[in-house]
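Colleague: When I checked Swiss-Prot for this same protein, it listed these features:
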REGION    1-265  region 'Amidoligase domain'
BINDING   Y54, G351, F379, G380, F381, Q382, E402, R459  L-glutamine binding site
BINDING   D71, E139  Mg(2+) binding site
DOMAIN    290-532  domain 'Glutamine amidotransferase type-1'
ACT_SITE  C378  active site, nucleophile
ACT_SITE  H505  active site
ACT_SITE  E507  active site
Amino acid sequence: MTKFIFVTGGVVSGLGKGITSASIGLLMKARGYKTTNIKIDPYINYDAGTMNPYQHGEVFVLDDGGEVDLDLGNYERFLDTSLTFDHNITTGKVYSTVIEKERRGEYLGATVQVIPHITDEIKRRIREIARNYDIVVVEIGGTVGDIESMPFLEAARQMQLEEGRENVAFVHVTYVPKLRVVGEQKTKPTQHSVKELRSLGIQPDAIVARSEDPLEEGARKKISLFTNVPEEAVISAYDVEDTYEVPLLLEREGLGKYLVKRLGLEDREPDLREWEKMVAKYKALQDSVEIAIVGKYVKLTDSYLSIKEALKHASVSNEVKVKIRWIEAEDIEEHGTKLLEGVDGIIVPGGFGARGAEGKIMTIRYARENDIPFLGICFGFQLTVVEFARNVLGMKGAHSTEIDPQTPYPVVDLMPEQRNLDKLGGTMRLGAYPVKIKKGTLAYELYKKDLVYERHRHRWEVNPDYIEAFEKAGLVFSGIAGDDERRMEILELPDKRYFIATQFHPEFKSRPMKPAPVFHGLVKAAKEYKQEKDATH
């Protein structure tokens, strides 16, 4: 019998429900239970693919090409697993299916309503995934009281009724503010939030109280009394230095043990040794390197969440802390490359459109000419080709046709299969594709194999007509698409310390104990470069 743990949020959004859900998943998996995580996003978009990163943070891409909420990235990293597009349930998907069924006449003339038709479809989607697992953690996005999340909370309430109380638990994440004026933690927002949840027919089994400092005993007692939750199940989730500490904190607070007991499961000793080792290693790092990320969404660093995490993973494997210098690409256009002075490594990440493109090209030139360890990703890969064409091959005005359709040298062009599309949603080259790696190259040294699967999200590619000219000038295409030999995937400059760019997004497959090879290589090169600089000064 599958067990379900629903995670809801109250008071304010952005409390870390995603990290809490991922941590619960990890604590169950560490006990030997086959566990997975589902994210419910109550917005009406079908998926996260066409959303602005400023509003929503990064769009995370799965193996099957699903463009999903960044929380699924956290689930994959914490549980070291690969999820599917079905693990992200949105209002858009649910309504689409119900309307299609209604058009096909599957409801036999019934009046189609939120209850039972929408709620049944939500439950069907959750159960569909649950079939292969012992425990399913379901995070319901948004805040209790939001009009959008009502049908999902109702479906969760019904599931507890249908599956039996012993098979469904509710964890409510709330915020306990501390008012500086009075210097005490305030539990009233939590009380009201739980009251709201109970008015919808849901009694939480555990409360994860987010606060800056550990929860005071008085506050814990008060929350327990007013929310009808046992004291042992009022969990203090105070701020920690790093999100990877959260599972260990929740375990120390007794959440794993409590949930297993609440669901009538055998409480096995959780095996968190590897995780503890990784966290201890990360916290103990003394030396640091500084890596610049030059992008167009740096005002909201969550737009590059997986890159931040991949650098963290690589910092553990290289035993050196990575400090990130965030630089707006347009600032480079305005103030020049002096903004990059002193960095030990440079990343130009993905991103669409003309804004900041010239700043990124200036950055790539600076990295190449000054031999600074460099990694270009997706659009960063394409602009590396543009920079090389302009400044090494002398192709004045070379560009990507995405930015300049009239360029005399279209060194980056729309992929042939992308030419006549009228829809933007879900139509790119998305998901995991095979990449063949040439032996004797930096890429082969990093991956140590000649065939890898990496995740993609792009419409443009290196124009095959120019490949020969690039190669003659010393640019090495060390990775090509396994499904189309004319499609370039990895480029490198062998005469540089570390200069590599990928058409795919290596950050999406990076894991705490298995850093993405190109990130590991970048941090290693940055560390060596810094040591060289320090030795000469």
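Using the three backbone atoms N, Cα and C, a Cβ is placed for every residue, glycine included.
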Colleague: Could you work out which of the recorded positions (D71, E139, E402, E507) has its C-beta surrounded by the smallest number of other C-beta atoms within 10 A?
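Modeller: Counting other Cβ atoms within 10 Å of each of the recorded positions D71, E139, E402, E507, the minimum falls on E402.
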Colleague: May I ask which of the recorded positions F379, R459, H505, E507 is closest to D71 (Mg(2+) binding site) if we compare their C-alpha atoms?
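Modeller: Of all the candidates listed, E507 is nearest in space.
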Colleague: Please compare the recorded positions R459, H505 by how many other CB atoms fall within 10 Å of each one's CB, and tell me which has the fewest.
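Modeller: Least crowded of the recorded positions R459, H505, by Cβ count within 10 Å, is R459.
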Colleague: What number of additional C-beta atoms lies within 10 angstroms of the C-beta atom of Q382 (L-glutamine binding site)?
Modeller: 29
Colleague: State the count of C-beta atoms found within 10 angstroms of the C-beta of C378 (active site, nucleophile), not counting that atom itself.
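Modeller: Around the Cβ of C378 (active site, nucleophile), 23 other Cβ atoms lie within 10 Å.
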Colleague: Using a 10 Å cut-off on CB atoms, tell me which of the binding-site residues G351, G380 is the least crowded.
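Modeller: Across G351, G380, these binding-site residues, the one with fewest Cβ atoms within 10 Å is G351.
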Colleague: Mean pLDDT over the region 'Amidoligase domain' (1-265): what is the value?
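Modeller: Mean model confidence (pLDDT) across the region 'Amidoligase domain' (1-265) is 94.
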Colleague: Spatially, which candidate from the recorded positions E139, C378, H505, E507 is nearest to R459 (L-glutamine binding site), comparing Cα atoms?
Modeller: C378
Colleague: What is the separation, in Å, between the Cα atoms of G380 (L-glutamine binding site) and E507 (active site)?
Modeller: 13
Colleague: So if I measure Cβ to Cβ from F379 (L-glutamine binding site) and keep only same-chain residues at least 6 apart in sequence, which ones fall under 8 Å?
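Modeller: Expected: V348, P349, G350, G351, F352, K360, H458.
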Colleague: I'd like the number of other C-beta atoms within 10 A of the C-beta of F381 (L-glutamine binding site), please.
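Modeller: If we count other Cβ atoms within 10 Å of F381 (L-glutamine binding site), we arrive at 27.
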Colleague: Based on Cα distances to E139 (Mg(2+) binding site), point out the closest of the recorded positions E402, H505, E507.
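Modeller: Closest candidate to E139 (Mg(2+) binding site), judged by Cα separation, is E507.
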Colleague: Which one is it, among the recorded positions E402, H505, E507, that lies nearest to the residue listed as 'active site, nucleophile' by Cα separation?
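Modeller: Ranked by Cα distance from the residue listed as 'active site, nucleophile', first place goes to H505.
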Colleague: Work through the binding-site residues one by one (F381, Q382, E402) and name whichever has its CA nearest to the CA of E507 (active site).
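Modeller: Going through F381, Q382, E402 one by one, the closest to E507 (active site) is F381.
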Colleague: Between the binding-site residues F381, Q382, E402, which lies closest to H505 (active site), Cα to Cα?
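Modeller: In terms of Cα distance, H505 (active site) lies closest to F381.
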